[in-house]
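Chemist: Dumping the structure here so I can ask a few things about it.
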């Protein structure tokens, strides 16, 4: 039944959004991390999404057109500048007395979190509706 | 679909198939709401159903020899691209609200086709049992 493909598609969407939520959590948790070198400072992680054609259980290539899932291509790191703080008393401070904080922008992360959770909900709703339609189809003729 | 099914349930078996395809496309749009560069797609349902069933103004093409491309199967899979209402920076044309509305409407249509088939089955059962069953 072709409705089954929706579970794969919505499932891939949920997986992608939950990974996005994961990176947000890790970014927020590390917002105040410091390092002794600019290279060692925590940089905000951002997932990269791509559409992927799903040809599940169909030999015809034209059929693959309709179901398009989401693929996480990888996680990139933000290239924004890290902030240097003058904290000579910090045990992590370098020779000049600076420590290097993360380049996480908490507002960006919160916005990302809300978007990810809404998108996740959309996929769950699509799955729920599909499940109900499938159950109704099973009751056909009763 | 077999011709027996077609004779019993008319257009609704084909319609059901189309609603399924369309819900698949809409679910893909919803899943890719945050994918950069993804273009939202949809089925031109009226056109697809007309060419699949031959109820349009044109006569449907048929297969005369084995190995030819099935025009009805092709028509069912023809997808169009949605015109975006608001352009976005990353080239994504999914409008989640529009997709959700379409998905909901699509589900109702699907259920309507199911009810029509169920009603037909009930009618046949009544005819077979003479209203006793």
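In case you wondered, yes, glycine gets a Cβ from its N, Cα and C as well.
Where the annotation comes from TrEMBL, it is an automatic prediction and has not been curated.
The domain 'Flagellar basal body rod protein N-terminal' annotation in TrEMBL covers A:8-36. Residues annotated as domain 'Flagellar basal-body/hook protein C-terminal' in TrEMBL: A:96-140.
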Chemist: Per DSSP, what is the residue count of the domain 'Flagellar basal-body/hook protein C-terminal' (A:96-140) in each of helix, strand and coil?
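Modeler: Tallied per class, the domain 'Flagellar basal-body/hook protein C-terminal' (A:96-140) gives 33 helix, 4 strand, 8 coil.
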Chemist: Summarise the domain 'Flagellar basal body rod protein N-terminal' (A:8-36) by DSSP state, stating how many residues are helix, strand and coil.
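Modeler: Looking at the domain 'Flagellar basal body rod protein N-terminal' (A:8-36) with DSSP, the answer is 22 helix, 2 strand, 5 coil.
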Chemist: Could you please provide the mean pLDDT value for the domain 'Flagellar basal-body/hook protein C-terminal' (A:96-140)?
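Modeler: A mean pLDDT of 93 is what the predicted model shows over the domain 'Flagellar basal-body/hook protein C-terminal' (A:96-140).
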